[in-house]
Amino acid sequence: MKWLLVAVLTAFTISSAVTQSHILLGSPVNSLCADLIHPAGYFCTEHTIQTKDGYILALQRVASPAQNLTLQYGPPVLLQHGLFMAGDVWFLDSPKESLGFILADHGFDVWVGNVRGTRYSYGHVTFSETDKEFWDWSWQDLAMYDLAEMVQYMYSLANSKIFLVGHSQGTIMSFAALTQPRVAEMVEAAALLCPISYLDHVTAPLVERMVFMHLDQMVVALGLHQINFRSETLVKLVDSLCEGHMECTDFLSSITGENCCFNASRIEYYLDYEPHPSSVKNLRHLFQMIRKGSFAQYDYGFLKNILTYGTSKPPEFELGLIPASLPMWMGYGGSDLLADVTDVERTLAELPSRPELLYLENYGHIDFVLSTSAKEDVYKHMIQFFRARKKSSIW
C-alpha cells in the first residue's frame, strides 16, 4: 500500500518551473489558455489582476468559435474552483463534457478564476513563493480579496452583474464573499456545486484521520507553510496516517467519498494538472471548521484574536447577511463525504432565501466537476436556472 500512496501523492503535484514570482505585467508564467483552451479549438485571452494585499491572479476569458465570429456574448459567468484545484478543472474532459466549454457553447461570457498559490496565479508584488509570508492566508482571504477582486474586475469590464459558479472551497469563498454587500450587489445569481459553509459532519476517512492526528499542527511544527504534495515530507506524513490505521488504497474515495461517474481511466491525465498547492494556514482553517462546527474567520487563539478582531473568538460569517433577493441554485450529492447532506441542510436553514436544489443520490464530491454525465445530470439544470434570470437575444 505504501508504494501506491507514494506514487499517487507524487503524481498529485504541480510543476515547479516558475522561475520568477514577482509578476507585475502580462500573462502568468503558465497559461491555461495555451494548456487546455486553445488546443480544444476555443478562443481564450489571459487577464492579470492584483489583489489589495498584493497577490497577482490570472483570469481567463473563454469563447466558443461561434462567439468569436459574431463578437456577441451572453451574461458574464465566473467559474471558481475548489481546494487543491485551479481553473483547469473546468476543462479537463471533452468540450461536450466540461462545464467551461459547455457554458461558452451556450453563449455565456465565460471567465475562469485562479486563486493565489495555484500554478496559474503564482506571484506577489513583494514576496517570493519561498517566503513564508507568501503563504500567510486562508480561505477567508481568498473570499475577501481574490474572489472580490475577480468579481469587481468582471463587473467593471462587462458593466453588468455576473453569474457566479463555485465548487467545494469555491462555495465557501462564495458564501463568505456574498455576506459583503459590495460583492453581493455585483452578482446576478449564484450556482454552487457541493455547497459548504459548515464541515462538522465530514465523514471522509482520510480527512477524519488527518484532523484526529492534527496533521495541520504537524506540518507547522515541521516549519512548512505550503501544502505541496510533491514534498517527500508530506508523502511520508500522509502515508503514516494510513499505515496500520485505515485502508487508503482508494485514495480519492478516502478523501471525497465514492464518485459514481467520472472516467477513472483518465486519472493519469487529470494528475497532469491536479492538484495545485495551497497554504498550511488554509488547511488549518478548514480543520478549525471541522473541529468547531463553525463558519467563522481564522482562529489565531485568545490573545491574537483580541489584537486582530477585538474579540476573544473569531467573528462568524453570517449567512443571514446574504441578500434574500439574490437567486441561488445548489447541486449536492448523497455520496459526498465532504459536503455532507446534514451540513448542507444547516446552510439552507440559515440562508434568508430558498435556493433551487438539485440532489443526486449517487453523486460524490468530484462527480460535480468531472462526471461524464454531468452535462445532463447537472449542467443543463444550472443553465436553465441562469437563463430564467437573464434573458438574452443571443440565446
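A Cβ is built for glycine as well, from the same backbone N, Cα and C atoms used for every other residue.
TrEMBL: automatically predicted annotations, no manual curation.
Taken from TrEMBL, the feature signal peptide applies to 1-19.
Residues or ranges marked as domain 'Partial AB-hydrolase lipase' in TrEMBL: 34-92. In the predicted model, residues of the domain 'Partial AB-hydrolase lipase' (34-92) average a pLDDT of 92.
For Ser168 (active site, nucleophile), applying a Cβ distance below 8 Å and a minimum sequence separation of six or more within one chain yields His81, Gly82, Leu83, Met85, Leu193, Cys194, Ile196, Leu338, Ala339, His365. According to TrEMBL, the active site, nucleophile annotation covers Ser168.
Per TrEMBL, active site, charge relay system is recorded for Asp336 (among others). The C-beta environment of Asp336 (active site, charge relay system), restricted to residues of the same chain at least 6 apart in sequence and closer than 8 Å, consists of Cys194, Thr256, Gly257, Tyr363, Gly364, His365.
Sequence annotations record features per position, and here TrEMBL assigns active site, charge relay system to His365 (among others).
Helix, strand and coil residue tallies for the domain 'Partial AB-hydrolase lipase' (34-92), in that order: 18 helix, 22 strand, 19 coil [DSSP].
Cβ contacts within 10 Å of His365 (active site, charge relay system), excluding its own Cβ and spanning all protein chains shown: 28.
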